[in-house]
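If you check Swiss-Prot, you get these features:
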DOMAIN    2-185  domain 'GMPS ATP-PPase'
BINDING   S29, G30, G31, V32, D33, S34, S35  ATP binding site
Amino acid sequence: MVETEEFIAEAKAEIREAIGDANAVIALSGGVDSSVAATLAYEAVGDQLTPVYVDTGLMRKGETEEIRETFSFMESLRVIEAQERFFDRLAGVTDPEEKRHVIGEGFIDEFETVANDVGADYLVQGTIYPDRIESEGNIKSHHNVGGLPDIVDFEGIVEPVRDLYKDEVREVARALGLEEVISERMPFPGPGLAVRIVGEVTPEKAAVAREATHVVEEELEEYDPWQAFAAVLGKATGVKGDNRVHGWVVAVRSVESRDGMTARAQELDWSTLQRIQSRITGENENVARVVYDVTHKPPATIEYE
(Lines of atoms letter the chains of each structure in order from A and count residues from 1; the text may use other names and numbers.)
(Lines give C-alpha, C1' and ligand atoms only; values in the text may rest on other atoms or scores of the structure.)
Protein backbone atom coordinates (compact mmCIF):
# COMPACT_ATOMS: atom_id res chain seq x y z
CA MET A 1 0.00 0.00 0.00
CA VAL A 2 1.05 3.59 -0.56
CA GLU A 3 2.51 5.76 2.20
CA THR A 4 0.11 8.63 1.61
CA GLU A 5 1.92 11.52 3.27
CA GLU A 6 5.23 10.62 1.64
CA PHE A 7 3.54 10.15 -1.73
CA ILE A 8 1.71 13.48 -1.52
CA ALA A 9 4.91 15.36 -0.70
CA GLU A 10 6.83 13.66 -3.52
CA ALA A 11 4.02 14.13 -6.04
CA LYS A 12 3.75 17.85 -5.32
CA ALA A 13 7.52 18.23 -5.63
CA GLU A 14 7.47 16.36 -8.94
CA ILE A 15 4.67 18.57 -10.26
CA ARG A 16 6.47 21.75 -9.21
CA GLU A 17 9.70 20.55 -10.82
CA ALA A 18 7.96 19.55 -14.06
CA ILE A 19 5.87 22.70 -14.46
CA GLY A 20 8.26 25.23 -12.94
CA ASP A 21 7.02 28.77 -13.48
CA ALA A 22 4.84 27.76 -16.43
CA ASN A 23 1.07 27.37 -16.51
CA ALA A 24 -0.83 24.10 -16.83
CA VAL A 25 -4.29 22.74 -17.52
CA ILE A 26 -5.73 19.59 -16.01
CA ALA A 27 -8.46 17.27 -17.17
CA LEU A 28 -10.98 17.21 -14.32
CA SER A 29 -13.71 14.60 -14.74
CA GLY A 30 -15.00 14.28 -11.18
CA GLY A 31 -13.68 10.75 -10.80
CA VAL A 32 -11.27 10.00 -7.97
CA ASP A 33 -8.23 9.73 -10.28
CA SER A 34 -8.53 13.13 -11.92
CA SER A 35 -9.74 14.73 -8.69
CA VAL A 36 -6.64 13.58 -6.81
CA ALA A 37 -4.38 14.66 -9.67
CA ALA A 38 -6.13 18.05 -9.80
CA THR A 39 -5.88 18.59 -6.05
CA LEU A 40 -2.20 17.62 -5.97
CA ALA A 41 -1.44 19.94 -8.88
CA TYR A 42 -3.52 22.80 -7.46
CA GLU A 43 -1.79 22.55 -4.09
CA ALA A 44 1.58 22.33 -5.85
CA VAL A 45 1.37 25.27 -8.25
CA GLY A 46 -1.79 27.15 -7.26
CA ASP A 47 -3.03 29.71 -9.76
CA GLN A 48 -0.64 28.40 -12.41
CA LEU A 49 -3.14 25.56 -12.84
CA THR A 50 -6.41 25.85 -14.75
CA PRO A 51 -8.67 22.83 -14.06
CA VAL A 52 -10.80 22.06 -17.10
CA TYR A 53 -14.03 20.08 -16.91
CA VAL A 54 -15.40 19.13 -20.31
CA ASP A 55 -19.08 18.20 -20.46
CA THR A 56 -19.04 15.81 -23.40
CA GLY A 57 -22.68 14.80 -23.09
CA LEU A 58 -21.36 11.41 -21.93
CA MET A 59 -21.17 12.13 -18.22
CA ARG A 60 -22.99 10.67 -15.21
CA LYS A 61 -26.34 12.08 -14.14
CA GLY A 62 -25.85 15.39 -12.34
CA GLU A 63 -22.08 15.29 -12.88
CA THR A 64 -21.62 18.82 -14.18
CA GLU A 65 -23.57 20.46 -11.36
CA GLU A 66 -21.66 18.38 -8.81
CA ILE A 67 -18.32 19.44 -10.29
CA ARG A 68 -19.23 23.12 -10.07
CA GLU A 69 -20.12 22.72 -6.40
CA THR A 70 -17.33 20.38 -5.26
CA PHE A 71 -14.48 22.30 -6.87
CA SER A 72 -15.82 25.81 -6.42
CA PHE A 73 -12.75 26.57 -4.27
CA MET A 74 -10.65 26.37 -7.45
CA GLU A 75 -11.28 29.86 -8.79
CA SER A 76 -9.61 29.03 -12.10
CA LEU A 77 -11.99 26.12 -12.83
CA ARG A 78 -13.41 26.18 -16.36
CA VAL A 79 -16.52 24.23 -17.35
CA ILE A 80 -16.70 23.63 -21.10
CA GLU A 81 -20.07 22.79 -22.66
CA ALA A 82 -18.95 20.58 -25.57
CA GLN A 83 -21.82 18.12 -25.94
CA GLU A 84 -22.68 18.97 -29.54
CA ARG A 85 -19.05 18.92 -30.65
CA PHE A 86 -18.48 15.43 -29.23
CA PHE A 87 -21.66 13.94 -30.68
CA ASP A 88 -20.75 15.43 -34.05
CA ARG A 89 -17.30 13.83 -33.87
CA LEU A 90 -18.77 10.45 -32.92
CA ALA A 91 -21.44 10.37 -35.62
CA GLY A 92 -21.08 7.20 -37.67
CA VAL A 93 -18.20 5.83 -35.56
CA THR A 94 -18.81 2.24 -34.43
CA ASP A 95 -15.36 0.71 -33.83
CA PRO A 96 -14.52 0.74 -30.08
CA GLU A 97 -10.90 1.78 -30.54
CA GLU A 98 -11.82 4.49 -33.02
CA LYS A 99 -14.39 5.85 -30.56
CA ARG A 100 -11.74 6.07 -27.85
CA HIS A 101 -9.32 7.85 -30.16
CA VAL A 102 -11.99 10.27 -31.40
CA ILE A 103 -12.90 11.13 -27.81
CA GLY A 104 -9.24 11.45 -26.82
CA GLU A 105 -8.58 13.85 -29.66
CA GLY A 106 -11.70 15.80 -28.74
CA PHE A 107 -10.53 16.16 -25.15
CA ILE A 108 -7.12 17.36 -26.22
CA ASP A 109 -8.61 19.87 -28.65
CA GLU A 110 -10.77 21.31 -25.86
CA PHE A 111 -7.79 21.50 -23.51
CA GLU A 112 -5.61 23.11 -26.16
CA THR A 113 -8.21 25.83 -26.65
CA VAL A 114 -8.11 26.67 -22.95
CA ALA A 115 -4.33 26.20 -22.82
CA ASN A 116 -3.84 28.76 -25.55
CA ASP A 117 -6.16 31.14 -23.73
CA VAL A 118 -4.25 30.89 -20.43
CA GLY A 119 -0.81 30.37 -21.94
CA ALA A 120 -0.42 26.84 -20.53
CA ASP A 121 2.52 24.69 -21.56
CA TYR A 122 1.64 21.53 -19.63
CA LEU A 123 -1.24 19.06 -19.44
CA VAL A 124 -1.83 17.21 -16.15
CA GLN A 125 -3.72 13.89 -16.26
CA GLY A 126 -5.12 11.36 -13.81
CA THR A 127 -3.72 8.27 -15.55
CA ILE A 128 -3.28 5.37 -13.10
CA TYR A 129 -1.21 2.19 -13.36
CA PRO A 130 -3.91 -0.18 -14.74
CA ASP A 131 -4.60 2.35 -17.53
CA ARG A 132 -0.98 2.14 -18.64
CA ILE A 133 -0.84 -1.66 -18.38
CA GLU A 134 -3.95 -2.12 -20.53
CA SER A 135 -2.69 0.39 -23.09
CA GLU A 136 0.83 -1.05 -23.27
CA GLY A 137 -0.57 -4.59 -23.50
CA ASN A 138 -2.92 -3.55 -26.33
CA ILE A 139 -5.93 -4.78 -24.33
CA LYS A 140 -7.62 -1.43 -24.94
CA SER A 141 -6.42 2.13 -25.23
CA HIS A 142 -7.35 4.75 -22.67
CA HIS A 143 -8.37 8.20 -23.81
CA ASN A 144 -5.67 9.79 -21.67
CA VAL A 145 -2.93 7.49 -23.04
CA GLY A 146 -3.59 5.88 -26.42
CA GLY A 147 -6.08 8.49 -27.55
CA LEU A 148 -3.59 11.34 -27.66
CA PRO A 149 -2.92 12.83 -31.08
CA ASP A 150 0.53 12.25 -32.54
CA ILE A 151 1.32 15.94 -32.18
CA VAL A 152 0.31 17.77 -29.01
CA ASP A 153 0.99 21.46 -28.56
CA PHE A 154 2.05 21.03 -24.93
CA GLU A 155 5.65 20.99 -23.75
CA GLY A 156 4.88 18.01 -21.58
CA ILE A 157 2.27 15.80 -19.89
CA VAL A 158 2.38 15.32 -16.11
CA GLU A 159 0.77 12.20 -14.59
CA PRO A 160 1.21 12.32 -10.79
CA VAL A 161 -0.76 9.14 -9.97
CA ARG A 162 0.55 7.04 -12.88
CA ASP A 163 2.06 4.37 -10.59
CA LEU A 164 -0.93 3.92 -8.27
CA TYR A 165 -3.76 1.40 -8.28
CA LYS A 166 -7.34 2.54 -7.74
CA ASP A 167 -7.47 1.63 -4.03
CA GLU A 168 -4.22 3.54 -3.46
CA VAL A 169 -5.64 6.60 -5.21
CA ARG A 170 -8.59 6.44 -2.81
CA GLU A 171 -6.18 6.40 0.15
CA VAL A 172 -4.48 9.51 -1.19
CA ALA A 173 -7.87 11.16 -1.73
CA ARG A 174 -8.77 10.59 1.93
CA ALA A 175 -5.39 11.91 3.06
CA LEU A 176 -5.96 15.04 0.95
CA GLY A 177 -9.29 15.58 2.70
CA LEU A 178 -11.43 15.18 -0.40
CA GLU A 179 -15.14 14.64 0.21
CA GLU A 180 -16.44 11.08 0.41
CA VAL A 181 -18.47 11.62 -2.75
CA ILE A 182 -15.09 11.84 -4.50
CA SER A 183 -12.85 9.48 -2.51
CA GLU A 184 -15.34 6.59 -2.48
CA ARG A 185 -16.84 7.16 -5.92
CA MET A 186 -17.11 4.20 -8.25
CA PRO A 187 -14.72 4.23 -11.21
CA PHE A 188 -16.01 5.96 -14.33
CA PRO A 189 -14.21 5.54 -17.66
CA GLY A 190 -12.44 8.50 -19.24
CA PRO A 191 -14.47 8.22 -22.47
CA GLY A 192 -17.60 8.27 -20.31
CA LEU A 193 -20.80 6.58 -21.41
CA ALA A 194 -19.35 6.02 -24.90
CA VAL A 195 -17.74 2.76 -23.75
CA ARG A 196 -21.11 1.65 -22.35
CA ILE A 197 -22.76 2.03 -25.73
CA VAL A 198 -22.16 -0.73 -28.28
CA GLY A 199 -22.06 0.75 -31.77
CA GLU A 200 -22.62 4.37 -32.72
CA VAL A 201 -22.90 6.87 -29.88
CA THR A 202 -26.02 9.05 -30.09
CA PRO A 203 -27.69 11.47 -27.67
CA GLU A 204 -30.60 9.01 -27.26
CA LYS A 205 -28.35 6.07 -26.35
CA ALA A 206 -26.34 8.27 -23.99
CA ALA A 207 -29.53 9.35 -22.21
CA VAL A 208 -30.61 5.72 -21.79
CA ALA A 209 -27.19 4.67 -20.46
CA ARG A 210 -27.08 7.65 -18.10
CA GLU A 211 -30.50 7.10 -16.54
CA ALA A 212 -30.07 3.31 -16.34
CA THR A 213 -26.66 3.65 -14.71
CA HIS A 214 -28.16 6.03 -12.14
CA VAL A 215 -30.76 3.37 -11.28
CA VAL A 216 -28.10 0.66 -10.98
CA GLU A 217 -25.89 2.78 -8.72
CA GLU A 218 -28.82 3.58 -6.44
CA GLU A 219 -30.15 0.04 -6.21
CA LEU A 220 -26.77 -1.65 -5.67
CA GLU A 221 -25.31 0.72 -3.10
CA GLU A 222 -25.90 -1.81 -0.30
CA TYR A 223 -23.82 -4.39 -2.19
CA ASP A 224 -20.80 -2.06 -2.15
CA PRO A 225 -19.61 -3.01 -5.66
CA TRP A 226 -16.23 -1.92 -6.96
CA GLN A 227 -18.08 -0.82 -10.08
CA ALA A 228 -21.72 -1.05 -11.16
CA PHE A 229 -23.36 0.42 -14.23
CA ALA A 230 -25.66 -0.17 -17.19
CA ALA A 231 -24.71 -0.47 -20.87
CA VAL A 232 -26.78 -0.13 -24.04
CA LEU A 233 -26.18 -3.14 -26.29
CA GLY A 234 -28.60 -2.82 -29.19
CA LYS A 235 -32.29 -3.34 -29.89
CA ALA A 236 -34.71 -6.22 -29.38
CA THR A 237 -38.44 -6.84 -29.45
CA GLY A 238 -40.54 -6.19 -26.39
CA VAL A 239 -44.10 -5.45 -25.30
CA LYS A 240 -45.32 -2.21 -23.71
CA GLY A 241 -48.99 -2.33 -22.80
CA ASP A 242 -50.73 -3.95 -25.76
CA ASN A 243 -48.11 -2.80 -28.22
CA ARG A 244 -45.15 -4.59 -29.70
CA VAL A 245 -42.03 -2.41 -29.49
CA HIS A 246 -38.47 -2.55 -30.77
CA GLY A 247 -36.50 -1.07 -27.90
CA TRP A 248 -33.05 -0.94 -26.36
CA VAL A 249 -31.42 -3.87 -24.58
CA VAL A 250 -29.73 -2.69 -21.38
CA ALA A 251 -27.08 -4.82 -19.69
CA VAL A 252 -26.48 -4.42 -15.96
CA ARG A 253 -22.95 -5.07 -14.69
CA SER A 254 -21.75 -5.16 -11.10
CA VAL A 255 -18.29 -6.39 -10.13
CA GLU A 256 -16.01 -6.84 -7.15
CA SER A 257 -12.33 -5.95 -7.57
CA ARG A 258 -9.30 -4.52 -5.81
CA ASP A 259 -7.66 -2.65 -8.64
CA GLY A 260 -9.58 -3.33 -11.85
CA MET A 261 -6.93 -5.68 -13.23
CA THR A 262 -9.21 -8.65 -12.47
CA ALA A 263 -12.84 -8.64 -11.36
CA ARG A 264 -15.65 -10.99 -10.38
CA ALA A 265 -19.29 -10.48 -11.27
CA GLN A 266 -21.37 -10.05 -8.12
CA GLU A 267 -24.09 -12.49 -7.15
CA LEU A 268 -27.21 -10.37 -6.75
CA ASP A 269 -30.56 -11.33 -5.25
CA TRP A 270 -33.30 -12.07 -7.75
CA SER A 271 -35.55 -9.50 -6.11
CA THR A 272 -32.85 -6.85 -6.55
CA LEU A 273 -32.44 -7.68 -10.22
CA GLN A 274 -36.19 -7.56 -10.76
CA ARG A 275 -36.40 -4.19 -9.03
CA ILE A 276 -33.65 -2.85 -11.30
CA GLN A 277 -35.29 -4.10 -14.49
CA SER A 278 -38.67 -2.79 -13.38
CA ARG A 279 -37.28 0.69 -12.79
CA ILE A 280 -35.23 0.82 -15.98
CA THR A 281 -38.01 -0.42 -18.27
CA GLY A 282 -40.65 1.57 -16.39
CA GLU A 283 -38.76 4.86 -16.41
CA ASN A 284 -37.68 4.64 -20.05
CA GLU A 285 -40.27 3.67 -22.63
CA ASN A 286 -37.53 2.98 -25.19
CA VAL A 287 -36.01 0.09 -23.21
CA ALA A 288 -37.42 -3.32 -24.17
CA ARG A 289 -35.42 -5.60 -21.90
CA VAL A 290 -32.74 -5.74 -19.20
CA VAL A 291 -30.10 -8.47 -18.82
CA TYR A 292 -27.48 -9.15 -16.13
CA ASP A 293 -23.85 -9.77 -17.08
CA VAL A 294 -22.33 -12.67 -15.10
CA THR A 295 -18.92 -12.64 -16.82
CA HIS A 296 -15.75 -12.20 -14.77
CA LYS A 297 -12.57 -10.36 -15.86
CA PRO A 298 -10.95 -12.25 -17.51
CA PRO A 299 -12.33 -13.32 -19.96
CA ALA A 300 -14.32 -10.07 -20.27
CA THR A 301 -13.18 -6.54 -19.53
CA ILE A 302 -15.23 -4.60 -16.99
CA GLU A 303 -16.47 -2.03 -19.50
CA TYR A 304 -18.04 -3.06 -22.80
CA GLU A 305 -15.81 -1.15 -25.20
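Note that Cβ sites are derived from N, Cα and C of the backbone, with glycine treated the same way.
A map of Swiss-Prot features onto the structure.
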| residue | record | contacts (Cβ under 8 Å, 6+ apart) |
| --- | --- | --- |
| S29 | ATP binding site | S35, Y53, M59, G126, F188, G190 |
| G30 | ATP binding site | Y53, M59, R60, E63, E66, I67, T70, I182, R185, F188 |
| G31 | ATP binding site | G126, R185, P187, F188 |
| V32 | ATP binding site | K166, V169, R170, A173, L178, I182, S183, E184, R185, P187 |
| D33 | ATP binding site | G126, T127, I128, V161, K166, V169 |
| S34 | ATP binding site | I26, A27, L28, Q125, G126 |
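In the three-state DSSP scheme, G31 (ATP binding site) falls into the coil class. Per-residue pLDDT, averaged across the domain 'GMPS ATP-PPase' (2-185), gives 88. Cβ proximity to the ATP site centre (mean Cβ of S29, G30, G31, V32, D33, S34, S35, cutoff 8 Å) flags the following additional same-chain residues: L28, V36, A37, A38, G126, I182, R185, F188.
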